[in-house]
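Noted in Swiss-Prot for the protein shown:
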TRANSMEM  61-81  transmembrane segment
TRANSMEM  85-105  transmembrane segment
MOTIF     105-109  motif 'Histidine box-1'
TRANSMEM  117-137  transmembrane segment
MOTIF     141-145  motif 'Histidine box-2'
TRANSMEM  179-199  transmembrane segment
TRANSMEM  225-245  transmembrane segment
TRANSMEM  249-269  transmembrane segment
MOTIF     315-319  motif 'Histidine box-3'
Amino acid sequence: MGAGGRTDVPPANRKSEVDPLKRVPFEKPQFSLSQIKKAIPPHCFQRSVLRSFSYVVYDLTIAFCLYYVATHYFHLLPGPLSFRGMAIYWAVQGCILTGVWVIAHECGHHAFSDYQLLDDIVGLILHSALLVPYFSWKYSHRRHHSNTGSLERDEVFVPKQKSCIKWYSKYLNNPPGRVLTLAVTLTLGWPLYLALNVSGRPYDRFACHYDPYGPIYSDRERLQIYISDAGVLAVVYGLFRLAMAKGLAWVVCVYGVPLLVVNGFLVLITFLQHTHPALPHYTSSEWDWLRGALATVDRDYGILNKVFHNITDTHVAHHLFSTMPHYHAMEATKAIKPILGEYYRFDETPFVKAMWREARECIYVEPDQSTESKGVFWYNNKL
């Protein structure tokens with residue numbers, strides 16, 4: 001069923017069957033990727049153009065209704081109520097547009113339909129509308145999926161080893177410092193990553209998602225980076241014309257603040273998917289693709305799980321089979337949990353509490369001195 005009447009099967013036993021802070025096994029698993037795939041009903045890998053588009057229409061319809069109410073009725077309310085109404089609009093519209101962002105992300109994984117060209121067209125339009133360079137991020141994100149959990153080759157939120165921690169980190173390792181760090185990360189983290197590769201893997205020269213000739217991309221990808229840049233510039237020009245016609249404040253209130261919410265949730269979701277005290281990271285001496293893909297965690301965002309198309313609570317399955325559409329990921333997660341066993345981690349900690357805990361506990365990674373596996377690194381916070 002489409003977006004208007006979902007019949008997804010929830011994962012069995014939503015409460016964690018094991019302590020979510022218990023370390024995930026780091027030894028090579030006894031199961032293979034093909035065994036995991038065989039446990040999933042075949043229809044979960046089928047992509048439907050109509051069903052996928054139903055979610056696009058559903059999200060955009062809600063977004064338009066919110067915009068219409070905010071721009072046509074809120075100004076009629078008394079001052080304090082008008083401001084409260086706009087605050088609600090910013091939060092709700094930001095959440096809905098995060099769902100749109102997730103659909104565009106699926107297009108980049110070829111999980112929207114069986115037609116790569118259609119996926120790229122839809123993804124380019126939706127991501128450009130949110131000022132995301134579609135192909136640029138598609139290619140760097142693909143490398144993230146190919147190297148998840150690798151300390152040398154993963155693309156984003158690569159944890160630092162203790163020897164690489166900045167001198168000022170100890171001064172931020174306190175409640176006020178964490179508030180400041182989280183505020184900057186959630187508001188500026190996404191644009192800084194795209195423009196300056198902040199929190200990304202190190203390259204031998206300056207890396208930028210807008211640079212077709214940057215080290216992130218190969219020669220055959222450069223033309224599509226130009227297309228991504230053109231898409232973002234077209235939207236920026238459209239926003240400029242809107243600002244000239246309606247005023248800058250109107251554009252900021254209607255579009256800019258919800259976009260900040262989108263960017264904040266994007267960073268938070270990614271951070272919490274790959275940052276957890278129970279998750280290992282690996283150097284090249286230990287890393288392999290399957291263990292890296294399993295070094296992620298499913299989270300519980302309450303009702304926002306559905307708003308975000310379950311990218312939050314089916315992320316393990318997504319890393320194993322990224323071309324699977326989101327509307328089958330819940331059923332697939334239920335199917336693979338018995339096979340994954342302790343390699344599967346679901347943490348039901350409320351996401352705000354989890355954000356604070358991870359910011360406090362996960363400052364750097366280091367090998368566990370009690371084991372002989374020196375290529376396996378775990379989070380620590382002792383500065």
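Cβ atoms here come from the backbone N, Cα and C positions, even for glycine.
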Spatial neighbours of the transmembrane segment (117-137) not adjacent in sequence (6+ beyond its ends, CB under 8 Å) are 49, 56, 97, 100-101, 103-108, 110-111, 194, 209-210, 216-217, 221, 224-225, 227-229, 231-232, 234-236, 259, 262
Would you mind listing the long-range same-chain contacts of the transmembrane segment (225-245), meaning Cβ under 8 Å and 6+ residues beyond its ends?
-> 124-125, 127-129, 131-137, 210-212, 217, 251, 255
What is the three-state DSSP composition of the motif 'Histidine box-2' (141-145), stated as helix, strand and coil residue counts?
-> 5 helix, 0 strand, 0 coil
